[in-house]
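Structure first, commentary second.
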Amino acid sequence: MQTLTVRGKRLTFWNKLCYAIGGAPYQITGSALGFFLQIFLLDVAQLDPFYASIILFVGRAWDAITDPTVGFLVSRSRSTRIGRMMPWILCSAPFAVATYFLIWFVPPFEQGKVVWYLVFYCLFQSMQTCFHVPYSALTMFISTDQTERDSATAYRMTIEVLGTVLGTAIQGQIVGGTNDCPADLEGRNNCNIFPPVITENAVHAYMISTGVICIIYLLCTLVLFLGVKERKESKRYRGQLLTFRRGLYMVMSHEPYIKLVIGFLFTSLAFMLLEGNFALFLTYTLGHRKDYQNILLVIMLSGTLTIPLWQWFLTRFGKKKAVYFGMTWAVPFMILIVSIKSKLIISYLVSVAAGVSVAAAFLLPWSMLPDVVDDFKVKNPGVHGHEALFYSFFVFFVKFASGVSLGISTLSLKFAGYETGACLQPEAVSLTLKTLVSLVPVVLIFIGLLILKTYPIDEKRRQDNQKLLQEMLDSDTDSESSALGSNV
């Protein structure tokens, strides 16, 4: 493949597509882990819910800690021939693939199994951070034009939602048929009728799906490298790098950033709780143990198809209105899914509707974050190397909170009496799962929207920032041209 370059301010279709494909590995692995790791640890690896909650919490918390650390290291990195972000992406990908594979491997020993999963989960999260933080910051280095960056972000979100579809499809369709429980368990209240068993089919199915995902991960990384060229930074800002302490202070004291992060922290938590517990909810509360992987796939397909709709909506009506409408859309369906009697067709219809909000939850935070970075640039024109810090701290807060939520939700299943690997669960488990996929997410969404209502960057301020940044860029270009002419 021939390397594609940015033509002036405009990005070509292939630029945007190759850039977007680079984001697929994060979402493919993320959706597989988000939807299936909890049920894998409980029903295949057969860990006690208490230990599973420790693995999920510590892994996410460690992942959260590595984000600002890697963000700082990236911000201090010197530019190379292939850019400042790309070396991080290329070097971390092989290690991320190796550690991801070992997460889904069931070791042939019982003693130390918890340590095995904890170590490799944390190592994978570290390598994934080294890949994703510079990739996220790469948004600021593919174009100086906000419209082009928004367009590239829409491409990226479309491919990333496709990535979640792919991750859900690969993992779900391969492992979904390995459940040995009888299809009809209605009316059987003793959850020990069918004792916990671990089948070789399930272990092999997870190995196959993981191998396929690892191959896709490496191919997407190669496409990103061959298809995207980093834009060189203005010489005006080179050498004025932020220290970690100063960078932390400046980022955390920027009001629009704080409000954006806290608002999306709550809405992201809502969808992460839904994602982390939905497979168990479908399996044990609604009884769709033979169809849960298909329902998850429908959610992701619906989200993928509505990404262009949300891109049009935020362009036409503004990003804040898109947030209000997109997040509240899911609320009635979260309530409906736990209020009606379990019927497969209703579950599919609710999944289609819920996917619309999933698309908004994917697109909007990453579309609004560049606006905050631009606002910071306008107010601090002499500061350089801050882009990765904004992205890494944003991911830090979301991941840390999600680790807490996943740990607490898994631990709550233990207190409710969850039976590892059993075909039926006590009624208390069903009630807990209903709470985790409906009541708690709805409350979190409304809290997040109340905070985002105070977010100060509206369309007028965003356009004013763009004009000021363009004037600064034109001034830099004229200065560099004058300097070059003088040297000649």
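Glycine residues also receive a Cβ, built from the backbone N, Cα and C atoms like all the rest.
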For TrEMBL, the entry transmembrane segment belongs, out of 159-177, 292-310, to 292-310
Between the transmembrane segment (322-340) and the stretches 86-106, 118-142, 260-286, 388-411, 431-452, the largest tally of CB pairs under 8 Å belongs to 431-452
When you check the transmembrane segment (86-106) against the transmembrane segment (388-411), do you get at least 3 Cβ pairs under 8 Å, counting only pairs 6 or more apart in sequence? no
State the residues, same chain only, that lie 6 or more residues beyond the ends of the transmembrane segment (17-42) and have a CB under 8 A from a CB inside it; answer 'none' if no residue qualifies. 4, 11, 49, 52, 55-56, 89, 93, 96, 100, 103-104, 117, 124, 128, 131-132, 135, 138, 142, 152, 155-156, 158-168, 170-172, 175, 206, 209, 213, 216-217, 220-221, 223-224, 226-228, 272, 275-280, 283, 296, 300, 406, 410, 418, 420-421
Could you give the residue numbers and ranges of same-chain residues that sit at least 6 residues beyond the transmembrane segment (388-411) on either side and whose C-beta is under 8 angstroms from one of its C-beta atoms? 38, 49-50, 52-54, 56-61, 63-65, 67-68, 70-72, 74-75, 85, 129, 132-134, 136-137, 242, 247-248, 251-252, 257, 260-262, 264-265, 268-269, 272-273, 276-277, 365, 369, 372-373, 376, 436
Taking 118-142, 292-310, 431-452 as candidates, which has the most Cβ pairs under 8 Å with the transmembrane segment (260-286)? 431-452
Ranking 118-142, 346-367, 431-452 by the number of C-beta pairs under 8 Å to the transmembrane segment (292-310), which range is first? 346-367
